């Protein structure tokens with residue numbers, strides 16, 4: 001026992017001597033806590049490590065330089081062209097890297113995106129007029145936001161059940177067109193809307209959505225190229241789903257499901273989202289600055305002659 005205690009005492013003395021030296025050099029705090037002395041980023045920094053046997057050894061490590069990261073979010077009032085250009089920046093930063101660029105599901109606000117599909121029935125002479133009978137809207141993740149049957153303004157002549165899936169039974173609990181239109185347009189407001197041949201859906205809603213906030217999968221050159229189809233070809237949603245998603249839709253004789261079609265359109269958009277938005281960013285013309293945001297102009301100056309139209313000034317003289 002005495003031999004072990006002497007050996008332990010000598011080891012403790014060596015430890016205390018070593019500790020005093022480290023404290024003098026500033027590598028160990030006087031309170032016994034391990035300290036560190038760091039230099040500029042990128043250079044070696046020395047820290048101390050206490051081993052199991054009580055000795056203290058220096059540990060060398062490198063301090064990595066901080067990386068510049070693109071802002072992970074945009075303001076709620078971000079315009080479509082700024083969203084598209086944000087995609088372009090992300091894609092350019094991903095070049096030369098093995099890591100995949102994060103898509104807008106993480107970078108942008110998914111709540112800004114919805115997909116829509118409508119089913120129509122025939123009204124008017126010989127049922128040639130198409131009117132809305134069902135509308136489905138899904139979120140960026142494909143969750144159903146809206147799905148209701150709609151009673152047309154004119155009497156139904158042709159239910160077009162083979163394609164629309166609409167029957168007389170569905171019209172019993174259908175809501176009037178004007179009520180449905182108000183509900184749907186409230187959802188689409190300020191959104192980027194995805195769809196296939198989406199002009200038909202807007203026409204049935206008697207509505208026009210801003211072009212820069214519309215993503216039509218039937219007109220997407222990125223999707224057609226990826227599917228190996230001619231850019232000018234008229235391609236159906238069914239074929240795009242089969243070629244690109246390995247998914248079968250619109251099968252059977254019970255008609256289409258507007259929910260399934262809307263979800264498929266959103267899946268196709270998400271498949272090529274970054275490339276699509278990059279092409280859109282390059283095609284967008286530069287937006288002229290608004291005089292309201294001109295920092296050199298004060299709000300009290302807008303009554304000056306320079307802010308009045310020239311034709312109005314001429315007529316007032």
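From the backbone N, Cα and C atoms, a Cβ is placed for every residue, glycine too.
Those TrEMBL annotations? Automatic predictions, nothing curated.
Range with TrEMBL annotation region 'Disordered', chosen from 261-281, 282-302, is 282-302. Confidence in the domain 'Exonuclease' (112-278), given as mean pLDDT, stands at 94.
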